[in-house]
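Noted in TrEMBL for the protein shown:
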- Leu9, Asp84, Gly87, Ser112, Val113, Leu218, His243: S-adenosyl-L-methionine binding site (BINDING)
- 1-233: domain 'Tetrapyrrole methylase' (DOMAIN)
Amino acid sequence: MLYLIGLGLGDATDITVKGLQAVKSCSRVYLEAYTSILTVGKEALEEYYGKQLILADRDLVEQGADQILEDADVTDVAFLVVGDPFGATTHSDLVLRAVNAGIPYKVIHNASVMNAVGCCGLQLYNFGETVSVVFWTETWRPESFYDKICKNRTAGLHTLCLESLVTDFRGKKIYEPPRFMTVNQAADQLIQVIQSRKEEGEELGMTEDTVCVGVARLGSDEQKIRVGTLNQLVSCDLGAPLHSLVITGRLHPLEVDMLRVNAEPNALENLHMIDSSTYTS
């Protein structure tokens, strides 16, 4: 059996009872180590699970999947994923390879940023397409995330922006130091796009004054939420990774009340621009 097991968002103890039982029964346990991270390291997981973990980087998962699936038809193998196996990053290719090889599989779900983001006060069914905000370079400055945010806002929907995470290699095994995009970095890139589109005379789908929510370390004891305008979030510091940014659409009165509850004390005044004309019924 191939087990795909979600680890949740916080630390080693966030694994479900069913997931932990499966891990303990497996002869090999792989830890997917490139799409997200927990607040604890590999050693803490090994101590809690009572199992040695094999780190699975992008190269192994995408190019060496046969190694993960080896003998999984006669023994149990676990593939651990931070969050949920089919949350922000899916591993459908590994499942399809198992099916084609005649290997049975089982998915054990857990919390993901895709549902945990509801803790910020915005209702999950009011979210549109999730977007990724990637690190810009001198020669590569994609803006497609802005267009998708505007499309969501046109429909009155909120947008979850997943921040770029670089933890492995690019090219021929040239490893980069780990980099984690922060809320203020994502907000700054968005503002640069807004300013560029404004100079081009384009009608804006959002502005620097759009109400946004920054979240960090969802699911952990150090979870942090900050509510403010996009312009205000440029200067916020939410600390250690991982970060996500939410761009609001039309707001229900209950969502506004929840934003006030979750806002930092000095951010409450930033909600003065939300009045009855912003509400959706």
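Note: Cβ is positioned from N, Cα and C throughout, glycine not excepted.
In TrEMBL, annotation is done automatically, which means it is predicted and not curated.
A C-beta separation below 8 Å, combined with a sequence spacing of at least six in one chain, links Asp84 (S-adenosyl-L-methionine binding site) to Gly6, His109, Asn110, Ala111, Ser112, Met114. Here S-adenosyl-L-methionine is bound by Leu9, Asp84, Gly87, Ser112, Val113, Leu218, His243 per the record. The longest Cα to Cα distance in that group is 17 Å. Contacts of Leu9 (S-adenosyl-L-methionine binding site) defined by a Cβ separation under 8 A and a same-chain sequence distance of 6+ are given as Leu38, Val82, Gly83, Ala111, Ser112, Val113, Ala116, Leu218, Gly219, Ser220, in order along the sequence. In the predicted model, the domain 'Tetrapyrrole methylase' (1-233) shows an average pLDDT of 90.
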